[in-house]
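Listed in Swiss-Prot:
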type	residues	note
DOMAIN	68-114	domain 'F-box'
REPEAT	162-212	repeat 'Kelch 1'
REPEAT	213-264	repeat 'Kelch 2'
REPEAT	266-312	repeat 'Kelch 3'
REPEAT	314-361	repeat 'Kelch 4'
REPEAT	366-412	repeat 'Kelch 5'
Amino acid sequence: MLTLGEDQIGRIGASSSWSRSKKLRVHRYEIPDLNVEPSLDWDGEETGEATKALSSTCLKPKDADYCLLNVPQLVYELEVEILARVPRFEYWKLKLLNKGFSRLLKSDEIFKVRRERGVVEPSVFMLSSGDTCWTMFDKGFGNCQKLPELPSDICFLHGDKESLCAGTHLIVTGKEEKSIALWRYELETSKWFKGPAMITPRILFASATCGTVVFVAGGLKIEGNGTMEVVDSVEKYDSKTKTWTLLRGMHKRRKFCSGCYLRGKFYVLGGRDENGQNLTCGESYDEKTNTWELIPDILKDMSFSSVQSPPLIAVVGDDLYSLETSANELRVYDANANSWKKLGDVPVRAKSNGGWGVAFKSLGDKLLVIGASAGPSRAETMSVYTSRPSANPANKLYWEESKRCCGVRFNHFILNCCVMIA
């Protein structure tokens, strides 16, 4: 049996007496429900208008004269600055934390700050043969996300389409049963919307992106009675206002042409005229002076065939690159000599279908090429390669294969591909 000495009993009694004389104050804290609707007037979630709301809270005790930690609230401006620096492929996780974050990430405020702070990153939007939904990849092709199905008719779904990006908008145009249609996917809301239509709806045109705007030129206009016309008209889309503006027309009508934005100007290269003749000339548009300058014979060394795709061109830094499909090789343009320098073979089979089914784009400071691998004994699945020209001053490019591709196998024939910087 355990017995206590008198000295131990005394200590216990003293302790008990002390506890009776001192009242222990126990505070209860309310744990906030982060999914409770804020008591603010949110002005139109679907319109993408940013609403200032504090999603962070401070734990406060019921006893008003006491504060345990005095945790400061995270102010709205700081929230935006932090979220703007988070990789975009992590945003879906943040949207699950609470409704405040979800609403903020669905606004355009985050992407506006990303542009202002220079923390934008490229994403690749792609549609391969056999797919009914577009896929978005991060720049390393380690993460991907399926977009919602585009709610168009069956003619649009299975027909030829053009794709371009402006700001956070992915724009896809094509022919529906009765007319040429334009659909846009908004990155903030992850939803498809129809329109706004171009001033002159068209297909098979040239396009180039500059930040939040995109230029389109030339192409094929289809009348209501089915007649087709090659056009020389030019338009600019502003993703901030969701409007099209008519610009000065080109010197020549052209379809199956390609565009790029280089050194502050919109370039349109190649294509076919209204008589179906291949064009070796190009044109550059200076928006400041609203003028077009003809560039004779810029594609004079290019080979043409009856099944030739539009020129495969991409801009990295201040250099213009071309994938010459007939030779399956990469070239860089020398503006002073108006000629192209050969840089070596590309690791995909661009020659097989005259350039169709191959994506050739700029991805930040890298060149990106997607298609069927040119290597022997390769399965007919999509291969992705990148090369950084600045890392090879001797103009000897080295291609690095992205072998992950999210662990998903895609068809090697690429129907549409464009890069969004946001």
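Here the Cβ of each residue, glycine as well, is placed from N, Cα and C on the backbone.
In terms of DSSP secondary structure, the repeat 'Kelch 3' (266-312) contains 0 helix, 17 strand, 30 coil.
Per-class residue totals from DSSP over the repeat 'Kelch 1' (162-212), listed helix then strand then coil: 0 helix, 29 strand, 22 coil. Averaged across the repeat 'Kelch 2' (213-264), pLDDT for the predicted model comes to 97.
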